[in-house]
Amino acid sequence: MFFPLNKFKVVGHSMEPAFKEGNRILVNRLAYLFSRPKPNDIVAIKHPRERDKILLKIIKMSLPKNQYFVVGINPSDSCDSRNFGSISKDLIFGKVWFSY
Amino acid sequence: MIKTLLKIIDRISPPKLIYAHCDIPCGIYDPHQAQLAAHTVIRMVNLINELKPTSEEPDLKERKRIIHQISRYTAVKEEHAELVKKEIRIIWADYFKSEHLEKYPGLHNLVFEIMKLASKARQEVNLEASQQLLSKVQEFAEIFFKTKGVEPIRIKTVYPTEGEIVLHK
């Protein structure tokens, strides 16, 4: 069933200090229905190889053909576009709305 | 207000996990396993080729022995040729980045050749293809170590295949 808002609990340290391990976030899955993701957006993405796994990343840059380069805030502890390449818009699960 | 409400909902329906870290420890890559597997493929081809019946007209027991041995060698050959592909794919997909490709523009083609040779080594009892497979995997290993900033060296192994393996200084 599709829920436009999804709750998540953060695991890992690649997005610190903005998002610490254990933080809870609300993700809006409809945020990009009528707009395009833009740099510095914090997004939940589907892992390119394990689609049921959701990753927390920040968009570093928009590329042609609806491709996006995503990274972690702490690059040394992040598995991101430097490893699996740019991602297409359909892999963007939603935009992080706020943490609580 | 909303945040408090969400915290209450979490007690009833816990949030899913979102990962802000690597799925596996990034940076731990090594072409060693691929080379071992390529050596194993060569060894299995040699063992198959060395199989000889004990007489010109082998009896049923002897035929069974040979068929059984061939089956076992073939199974190991299949497994290790596939392991070569898996190990190379992981390093190629997860480790190499665009800046590596700029420096080593033949990398994609090299991986393509490894995939094709590994398939050929699976499909046939082909010593030449198996040796070419090892050779290409060694080229791949040399590029890998160079991108790590270390000098690759070829060491003669003590394996029955008597070939080399690429390590680094």
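Cβ coordinates are placed from backbone N, Cα and C, and glycine is handled just like the others.
Keep in mind that TrEMBL annotations are predicted by a computer and have not been checked by a curator.
Keep in mind that this is a model prediction, so the values were computed, not measured.
TrEMBL lists A:Ser14, A:Lys57 with the feature active site. The domain 'Peptidase S26' feature in TrEMBL is assigned to A:3-57, A:62-99.
A:Ser14 (active site) carries neither a helix nor a strand DSSP state and counts as coil. Remote same-chain residues near the domain 'Peptidase S26' (A:62-99) are listed as 5-6, 12-19, 23-32, 36-39, 41-49, 54-56 (criterion: CB distance under 8 Å, separation of at least six residues from the stretch ends). Here the CA atom of A:Lys57 (active site) lies 8 Å from the CA atom of A:Ser14 (active site).
In this structure, of the active-site residues A:Ser14, A:Lys57, the smallest number of CB atoms within 10 A of the CB marks A:Ser14.
In the three-state DSSP scheme, A:Lys57 (active site) falls into the strand class. For the domain 'Peptidase S26' (A:62-99), the mean pLDDT of the prediction comes to 86.
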